[in-house]
Amino acid sequence: MLLTQSLINIRCRSCNTLLDFKFATGKISGKSSATDTGTESSIPTGNLGTSAVDKIPGSKTHSKGEPLDVEALGRSSWNLLHTISANYPDKPSNQQQSEMRQFLQLFSHIYPCSWCASDFEKYLKDHSPKLGSRDEFGRWMCEAHNEVNSKLNKETFDCNFWQKRWKDGWND
């Protein structure tokens with residue numbers, strides 16, 4: 001079972017970097033990493049432009065950074081929620097649906113931005129999560145995100161493309 005799960009995880013975008021995923025699917029050949037060769041990777045990482053001075057003392061990889069502000073927290077949170085919905089089962093059991101409903105309710109209570117949390121909690125009460133399938137849940141999540149974006153005068157996303165954005169990719 002563990003081997004099967006490991007093989008599945010190799011092709012899981014959420015469990016690997018985009019570069020790992022492209023390597024595993026044959027879209028790029030060969031890659032080096034600091035752990036394989038003892039040297040810096042030849043493949044760019046998220047720390048581009050970070051000098052040794054910006055690193056946390058004693059760390060080669062962790063850079064200094066500030067706590068997330070409401071915008072960075074929101075982007076990260078929406079990416080997490082969309083990725084969860086994209087990996088939700090096609091045919092969830094009653095238990096899986098119940099657990100997801102509980103997760104969303106808890107999320108709305110513990111979210112660090114109090115007014116964001118209250119707004120999401122109200123949205124959950126007014127628009128019960130659609131948890132009957134992955135597609136249903138993914139569209140519901142996209143609509144929830146669009147509701148927030150509308151309130152913030154931000155562009156909304158065409159929910160017909162939710163799977164391309166958060167599950168399958170754009171085939172580039």
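We count from 1, first residue shown onward.
Note that Cβ sites are derived from N, Cα and C of the backbone, with glycine treated the same way.
Feature annotation from TrEMBL assigns compositional bias 'Polar residues' to 30-50. If you look up TrEMBL, you'll see 66-166 marked as domain 'ERV/ALR sulfhydryl oxidase'. TrEMBL lists 29-67 with the feature region 'Disordered'.
Under DSSP, residues within the domain 'ERV/ALR sulfhydryl oxidase' (66-166) fall into helix, strand and coil as 73 helix, 0 strand, 28 coil. Averaged across the domain 'ERV/ALR sulfhydryl oxidase' (66-166), pLDDT in this predicted model comes to 96.
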